[in-house]
Amino acid sequence: MEELLKLWQSMGIANLEWGQALMMAVGCGLIYLAIAKKFEPLLLVPIGFGALLSNIPVAGIGGPDGMIGQIYAVGVETGIFPLLIFMGVGALTDFGALIARPSTLLLGAAAQFGIFATLIGAVALNFLPGFDFTLQDASAIAIIGGADGPTAIFLASRLAPDLLGAIAVAAYSYMALVPIIQPPIMRALTTKKERAVVMQQLRPVSQLERILFPFVVLLLCAMLLPSAAPLIGMLMLGNLLRECGVVERLSRAAQNEIINIVTIMLGLAVGSKLSADKFLALETLGILVLGAAAFCIGTAAGVLMGKVMYRVTGGKVNPLIGAAGVSAVPMAARVVNRVGLEEDHHNFLLMHAMGPNVAGVIGSAVAAGVLLALTGN
Amino acid sequence: MEELLKLWQSMGIANLEWGQALMMAVGCGLIYLAIAKKFEPLLLVPIGFGALLSNIPVAGIGGPDGMIGQIYAVGVETGIFPLLIFMGVGALTDFGALIARPSTLLLGAAAQFGIFATLIGAVALNFLPGFDFTLQDASAIAIIGGADGPTAIFLASRLAPDLLGAIAVAAYSYMALVPIIQPPIMRALTTKKERAVVMQQLRPVSQLERILFPFVVLLLCAMLLPSAAPLIGMLMLGNLLRECGVVERLSRAAQNEIINIVTIMLGLAVGSKLSADKFLALETLGILVLGAAAFCIGTAAGVLMGKVMYRVTGGKVNPLIGAAGVSAVPMAARVVNRVGLEEDHHNFLLMHAMGPNVAGVIGSAVAAGVLLALTGN
Amino acid sequence: MEELLKLWQSMGIANLEWGQALMMAVGCGLIYLAIAKKFEPLLLVPIGFGALLSNIPVAGIGGPDGMIGQIYAVGVETGIFPLLIFMGVGALTDFGALIARPSTLLLGAAAQFGIFATLIGAVALNFLPGFDFTLQDASAIAIIGGADGPTAIFLASRLAPDLLGAIAVAAYSYMALVPIIQPPIMRALTTKKERAVVMQQLRPVSQLERILFPFVVLLLCAMLLPSAAPLIGMLMLGNLLRECGVVERLSRAAQNEIINIVTIMLGLAVGSKLSADKFLALETLGILVLGAAAFCIGTAAGVLMGKVMYRVTGGKVNPLIGAAGVSAVPMAARVVNRVGLEEDHHNFLLMHAMGPNVAGVIGSAVAAGVLLALTGN
Amino acid sequence: MTDNTLIIESLTLMGIGMGIVFGFLLLLVGILRTMSWVAGRLLPMPPAPDPVPPVLTPSTHGSGDTAGSDDLIAVIAAAVARYRTRP
Amino acid sequence: MTDNTLIIESLTLMGIGMGIVFGFLLLLVGILRTMSWVAGRLLPMPPAPDPVPPVLTPSTHGSGDTAGSDDLIAVIAAAVARYRTRP
Amino acid sequence: MTDNTLIIESLTLMGIGMGIVFGFLLLLVGILRTMSWVAGRLLPMPPAPDPVPPVLTPSTHGSGDTAGSDDLIAVIAAAVARYRTRP
Ligand code: NA
Ligand code: NA
Ligand code: NA
């Protein structure tokens, strides 16, 4: 009898809280989006499953002694997991288009306006009842506009760990929604003539340039903005492993083993931050709205800067490629290509959009460094 | 002179204890079984080598500051290594046969009787002088009957870390002995006619069913038995990565990189628990005898449940497949196939035995959850 | 205004110390040697990049809370990373040539004279002003003469962590310089006739011998020199995984995933020890000079022992293969082959040099064990 | 705890344990059958994970997906609302 | 901190932030152009990382490399000297 | 410790060290030769690791292996017995 009572008390159903049930549904919802709608499945499947596991009553899998809680402590609190993923991104990224046409960095810079506009939006939300974001919170939310998952997780884990779950979910969800969010904005801000601009082919880039590139970026970062150095440093390390041509084994490890293993762990750990108390709060709705705004503003800023470059170069730059400045590699560049093809069936903008696209990765890492330097403690 | 003395005192041979020498021999014996007899070599080679290294005098490799001791603390005390292996098992397992014929779950349930019968046996051994098993000890020993290595290690690390070495060795040894232990029992309990039953072909299973399966199992577990949630959860995560079709990279990582790396580490860590004081005790003999009994009883219970299903279905179920319910995937299913072929050279039972076989994995994880909930603290 | 000041104070350029700038240059120099001169790129690229990252002002990436500092604490302070690499080396090494002709072990023994001669040299340097090496320091420096990266890192992390950076850099640099350092010494110490000796073909080695080999070596080490057991043990575990033929998955993991992942981490961690205070010291110059001496003396000792064997065997042993006894696998063996071919275009010594070459690995692990046992605390 | 108490405890454990294992797996049999039935009904219709082999390129959703963003917010808004208005 | 102060703070942050982002990337444009120009000048000459595909065997340096060892010591000696003689 | 003591210490260390290294490896030469001789004697006989390429499926042991389970218990029983009866 006593055993039966003990057993009943140990059952999940006897301890299930309303919020946990909802969060398990949210976890299933994220996995549904990942599988059925192909929303960034590599991250959203583990994040969703992490939410599911962490919200199982009694088990405490996401707690300090639970498996996922321990993974969180080792990999996310220390910042190591997002940095290792960033190394993998660097090893997977070809910066050739950027090296061939460095001016596209300005498009990547302009698109970061989405971040800072969102920062103001987040602070402004405090005027509404129920919101109380600190400047740290606002900074962590704003980085969603960078359209860069690992950067967002890294910054949020440093500035606002409580919001990490919502921020990561928003960041990856909107990255997946780039093909829906961007085209209308791109069409609204450009003329038919601008969209039809055919750009001149990129010059080939030598291996020496590719090898020097990581050093140049890292040294500039070290001199001006050391707070961005972990992010930029790991990105550039990955890229150097890729380009230097003498460490094929390590490059493969960064592109495959490390990034795959860490992605599973990071996803589970982030999912454990999807608890009812933190996630089913008004703040989350605010974050989702602000995130959408950030993407729209970033896209618009990129396109507008594209128009400036169109003018300045006398029509040599297709302003559409500015939209790729938000990063979301390589989806934003693909979207640019698609919108460009609507106008002219032979105008392939993909390679031209890769420049601003990877510039956006550097740009949002720089923005993250600024936010960390000025609001971190 | 002083140096020479210091040197002599630092030599292994000057410090070798009798028990260490014996345990090094045990380690070599395990490796011999693994290599020459193909006894679960993936685990027994690292376990044996871990025993060898940990029993080297003076070096203290298995101690708290030694390499293997640190691996143990990080991976086994936290429970993370067996859970990661379970994720890999999930990613390697095809649950199709179980989904096509869910009734075989009952065979997987019956075979767990071996676990609970052994529990009583372990407690009963206390009447003999020299045995003093607590209920936790008995539970950890009983799980050997689950024929599931990672589950046994996980439970033992939680309930009876001192017995971990002996339990893991017994579990893997008997899993390897399945082809010897099971056939006589199977033949003794079934008639010629029963063994010759040809089962009807399994229906195909849709991808949607395969994707829903992990959620259904996990949610039931979360509601009824959260203490089994880490095990079932990681098994189902692995299976979802495998079946969802959109995270090929992660599925490959779970099936290869992660499981291989963790297997080496886990084996070494488990081997470090093979110390003379803990292993060369009367208890170990008790554990080995109980483990053999557990396998026999589990097999018999599975086959008897198979006979029940044979009756109930009017002869459509071959009772032999009940023996596969002990798990030991996929060896038990192969044994069923082999014994079936003895009777009828064209009766291939392999696919039919896979259902109870994988059901046994779920069944013993459930049993582990019950033991953890009722005897853990 | 205040923000601008805060920002300026957070900039790298406002905090850059002279030494940091120099060390960043040293890091770039190491990467240059790795890429342009193919100096052990697998290690020197990550080490160089680790130096670069760790010397970025303000960021503190190599500090106790920084990413690389944490990697150092987990992987190098515990000794786990070099040991895992040694396991990989074991899994990549074919000891067949050594088993076929065990007498070549003596060549591997002789070459370790470089280590002990350097030990005296390091202590003697104390007579110069500005040097103050303890016996531990001297031992850690001496191990450079072993021409074995992981062994050097393991010993230095135990005996003289402050010198780790300089020792690792020296060890890998000289290993890369083997093709330049060795040939003149080899030519100077041998006659034309000796260099032209054609050795008799090696007998085939059975799988049983290959499987027994790791146990024999490990047991001898356990009995005589347990302080070398972690190194020898992991080397032999890797080799057993390779040779036993039943754990293909684990062997592949040791040879690829584990060694690649750990190499990146280890390189970064070692690089973080390249700080101006420790590296830009007179000691480093001493270490570099001593390291070069160690290689030269080791090579000479190996060749001289080769000459002894040439005499004893009545001219059956080509003394050149003694030079391979310094390890630096497989480069030293290749150098022997090349110098041999200079004399006789059909005399391929590669396989014969592999015996002393892998014997050198065991020899320097033994020497490391001696140093650890007699000077460690 | 005397050995006899232990025996009784372990007998109880066996009863409860086998009960739960059987109960759990029996329940699972039922749920899996329901699941397969539901999946069979859903499958003829086009939605949800297509049996089409996974596309290699991240899908560029057609216009039919335009509701995705709203869906996300709507679903979570509903969840938040429910959670906050709980008794 | 009141909400108004926060707004002002965040406006400052926006100004400084976009300034740095643009400044940083503009500077990078210039440096990358310089880098490409320098790389173009260096490339015709033989030294430094060859555009030849990476060799598979660890290179067995020709006699031209004999200075390698001295180089290493020389470079580091110079660095040490400079460092120790700093004001 | 003065530098002179250090020199003497390190000379001792060199003596002992080279002694052990040579002793160890000389011993190993002998043991390896014995090992090869023993392995050569064992090899003609069928038992132990077959030179046959590793089978891919976990072996389904023939009837000759039936003693495996007893072996295991017997071996460990003997070890336990010896250990417990040590002086
Ligand atoms: Na971005
Ligand atoms: Na089982
Ligand atoms: Na060596």
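Including glycine, each Cβ sits where the backbone N, Cα and C put it.
Residues or ranges marked as transmembrane segment by TrEMBL: A:18-35 (among others). Within the chain, the transmembrane segment (A:18-35) has long-range Cβ neighbours (under 8 A, six or more residues past its boundaries) at 41, 44-45, 47-52, 55-57, 169, 173, 176, 271, 274-277, 279-280.
If you look at the transmembrane segment (A:42-61), the same-chain residues 6 or more away from its ends with a CB under 8 A from one of its CBs are 10-12, 15-17, 20, 23-24, 26-31, 33-35, 67-69, 149, 165, 168-169, 172-173, 176, 263-264, 266-272, 274-276. Look at TrEMBL and you will find A:42-61 (among others) tagged as transmembrane segment.
Beyond the transmembrane segment (A:67-92), the same-chain residues lying 6 or more positions past its ends with a Cβ under 8 Å from any Cβ of the stretch are 50, 53-54, 60-61, 149-151, 153-154, 157-158, 161, 164, 214, 230-231, 234-242, 251, 254-255, 258-259, 262-263, 265-266, 268-273, 329, 361. Taken from TrEMBL, the feature transmembrane segment covers A:67-92 (among others).
Residues or ranges marked as transmembrane segment in TrEMBL: A:104-126 (among others).
The transmembrane segment feature in TrEMBL is assigned to A:163-181 (among others).
Under 8 Å from some Cβ of the transmembrane segment (A:211-237) lie the Cβ atoms of residues 79, 83-84, 86-87, 89-90, 93, 95, 99, 150-151, 154, 243-244, 361-362, 365-366, 368-370, 372-373, 376, all in the same chain and six or more residues away from its ends. Marked as transmembrane segment by TrEMBL: A:211-237 (among others).
Per TrEMBL, the feature transmembrane segment maps to A:282-305 (among others).
Look at TrEMBL and you will find A:317-336 (among others) tagged as transmembrane segment.
The transmembrane segment feature in TrEMBL is assigned to A:348-374 (among others).
In this chain, the transmembrane segment (A:163-181) lies close to the transmembrane segment (A:282-305): three or more C-beta pairs between them fall below 8 angstroms, excluding pairs fewer than 6 positions apart. Here the transmembrane segment (A:104-126) has long-range neighbours at 97-98, 132-133, 135, 137-139, 141-146, 286, 290-291, 293-299, 301-302, 304-306, 309, 321-327, 352, 355-364, 366-367, 371, meaning same-chain residues at least 6 beyond its ends whose C-beta is under 8 angstroms from one of its own.
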